[in-house]
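Among the features that TrEMBL reports, region 'Disordered' is placed at 1-24, 41-128, 242-285. Annotation source TrEMBL lists compositional bias 'Basic and acidic residues' at 41-59, 70-79. As annotated by TrEMBL, compositional bias 'Basic residues' applies to 111-125. Sequence annotations record features per position, and here TrEMBL assigns domain 'C3H1-type' to 128-158, 171-196. The zinc finger feature in TrEMBL is assigned to 128-158, 171-196.
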Amino acid sequence: MAEGAAKAPPENGGGCDSGAGALERGVAPIKPQYLTTKEQFHEFLEAKSQEKPCRKTEVGDPGGNDLAEPEAKRIRLEDGQSAEGQMENRQTEDGQEEETAEPREQQQAQKRARGQNKGRSHVKPTHYDKNRLCPSLIQESAAKCVFGDRCRFLHDVGRYLETKPADLGPRCVLFETFGRCPYGVTCRFAGAHLGPEGQNLVREELAARCAQPPPVRNGLDKGLQQQLRKREVRFERAEQALRQLSQGRPPGLTPAATVPKDAAARGAPSQDNSPPSSPVRTCGPLTDEDVVRLRPCEKKRLDIRGKLYLAPLTTCGNLPFRRICKRFGADVTCGEMAVCTNLLQGQMSEWALLKRHQCEDVFGIQLEGAFPDTMTKCAELLNRTVEVDFVDINVGCPIDLVYKKGGGCALMNRLAKFQQIVRGMNQVLDVPLTVKIRTGVQERVNLAHRLLPELRDWGVALVTLHGRSREQRYTKLADWEYIAQCVKAASPMPLFGNGDILSFEDANHAMQTGVAGVMIARGALLKPWLFTEIKEQRHWDISSSERLDILRDFTNYGLEHWGSDTQGVEKTRRFLLQWLSFLCRYVPVGLLERLPQRINERPPYYLGRDYLETLMASQKADDWIRIRCPGAGVGAPWVMGGTAQAWGLTLLSPALPQRDAPWAGAPQLHLLAEAQGQCLQVASGASPGYPEGRRGQ
């Protein structure tokens, strides 16, 4: 047992007299000896955190590995924290409101900024450019900076090192994995690979072995990005398919009856054919792929029956998380939802969602759009630029931002546009096209059973059905009986089911409905080892140290993907906290009185079998920062470095399920990297997991 093991006496049930059977509906049944109260739970964690004194740190650098917080940011935080106190002090004892000493203009400025999204640093951060080293020096390029004196970045390495924060640790994952850290002196672990004169050290043999092929594919070429921004890319196949769709004909080759006889006799091209002006070079072998369309039987087939499909999770389904799930047995992975218009504009942030790691053997990308022209053009662009096994259309997104523009679930009520999107994309793609839908838009009006035969006739290779409607969101359980009806309506097209799978029993029950396979979403966020449990048909009582190893692997993958410089560390911290907001809802198998844990059961307060297991059960963001190796001192950095003060978390509103409230839901954190990235503000509205009054139904 690790240091600081939580010893909950079985006599008193760890501070709670009621057994698991006395818990209200929707609460996970934990053994009585582990149950405790909210006060005792937080007192235990606070006492353990104060057992050893923190190491001395310098002023302005808590934990010794924190970025200095800007003065303006500190003032804003202090003003926000003291706002309530100022409101209370404005009233005298007799209830009369006294005048404030603050200028009227300052009060109006604070009032205007409240609740608005203007001038916030997380929207378009600029603090990275203040003390940023020139890329020519980071890469140690022999060529000089092309901007010369006009370059806005630093060219003095010594001056940069004076303002650079202390390293976060003695080991650099990139240097140990690839033999060379591309971030050089800007790396937050630079001490592991910098020479005595500040030069970037390289392990030649390891670097040569890891040079080819690159582990991550589907990057955006700079030349193509410029062409997309200038709208110089032509989409001949998409335009041809759209013309045929507008004329009421299914997309394909022009029938011979529509070709003029004189033109056919002379062999002249038709008048509507435009001269090719593709960005692809014209030298090389001459192919007929632009003339002869692949027949459906010649397309690459998508045979994933019986395989475990990781859902395309927005924000949380990033590449490091998918690598974790692949290691535990996920068979099929899909990138996060990408908006087609942003891809056509060449936005780098959107193209980053298409990146594919070499371990993802069956990988697809999910597109969202509302109009046939943009979706078809985007499909043609991806067909010739990225390596994927299938393309998925998101017709299940329930959020208002997408729905009100006609995308997501709205396409289920716009069959004409939906048909044009599917047929147009199928025309220009050489890989299978799949669709993800919900049962319907309104809660008691199911549409999927009528839509599935149409999708089959339109040429869709596979459909995934989430057993909830848009209005339902995550209230109640997924309707697997209706999914079983839809399997018959979709036959012979394969149908995957999705919803509420958190154990191998849930997966077995889902497969009995006749679906071709199951898609796992929130279950993978709560416990990514769920794929192993399903394949081995067992409950895995994973230890807290094994769960800590998973977090450490995620941070290593995150530093590889987002970088080991300051900006990359901040992104890794942000997405790690986002994932921890789901991981904290997992209840260890050894603590449950009844197996398995249901996805709609929130965990009550309990003391784990050791301190680390208890700490991982906390739903307070500042407790997550204390997660570290068992036996390490309080001042020791955890897997990402830093302490609670260094991360500086500010909980603006309840973003996690409240155990004492009548409702609790799947936490959807929006962790906004503020200022130096060390003040991550957790902002959220009402939980989309279980809205008020519907918990556990």
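Every residue number used here counts from 1 along the chain in the order it is shown.
Note that Cβ sites are derived from N, Cα and C of the backbone, with glycine treated the same way.
No curator has checked TrEMBL annotations; they are predicted automatically.
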For the zinc finger (128-158), provide the mean pLDDT of the predicted model. 78
Per DSSP, how many helix, strand and coil residues does the domain 'C3H1-type' (128-158) have? 11 helix, 2 strand, 18 coil
From the DSSP assignment alone, can you count helix, strand and coil residues within the zinc finger (171-196)? 12 helix, 1 strand, 13 coil
